[in-house]
Amino acid sequence: MVHFTAEEKAAVTSLWSKMNVEEAGGEALGRLLVVYPWTQRFFDSFGNLSSPSAILGNPKVKAHGKKVLTSFGDAIKNMDNLKTTFAKLSELHCDKLHVDPENFKLLGNVMVIILATHFGKEFTPEVQAAWQKLVSAVAIALAHKYH
């Protein structure tokens, strides 16, 4: 289990309170699909993913990205209990969707980049470290049900 200090929690929640979940979620998932094109195979039903502009403009990518980032909101509310928070999502991604758990790490890293681009000077090394710790812990929690 990962332990977050009061300072780390404050760094994460402070930035999260300023986050536009809809915009950043679509951007994060879109960039994941562009930078790591093999991840597109999990989104066959999303329609046109033929180019970066098609991906970033795709309404299904934006909607699912919002859903993904909303689940990160659950992580922030439950930073001390991530394994339980993500148990059902872990099971879904493992047993039904068969998503390679490495993809959770990739998405987390993309999210950190999105935060850095959106928040500039507010995204200090301490804030980056707290967010990196959170996205890594979420990736571990999502991979928990894998055998």
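Here the Cβ of each residue, glycine as well, is placed from N, Cα and C on the backbone.
Feature list (source: Swiss-Prot):
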- 3-147: domain 'Globin' (DOMAIN)
- SER14: phosphoserine (MOD_RES)
- SER51: phosphoserine (MOD_RES)
- HIS64, HIS93: heme b binding site (BINDING)
Practice item. Write down the Cα-Cα distance for SER51 (phosphoserine) and HIS64 (heme b binding site), rounded and given in Å. Key: 18
Review point. Cβ distance under 8 Å to SER14 (phosphoserine), same chain, sequence separation 6 or more: which residues?
Key: VAL127
Practice item. Over the domain 'Globin' (3-147), work out the mean pLDDT and round it to an integer. Key: 87
Revision key, fill the gap. In all the protein chains shown, the tally of other Cβ atoms within 10 Å of the Cβ of HIS64 (heme b binding site) is 17
**Study point:** Assigned element (helix, strand, coil) containing SER51 (phosphoserine), judged by DSSP
**Key:** coil
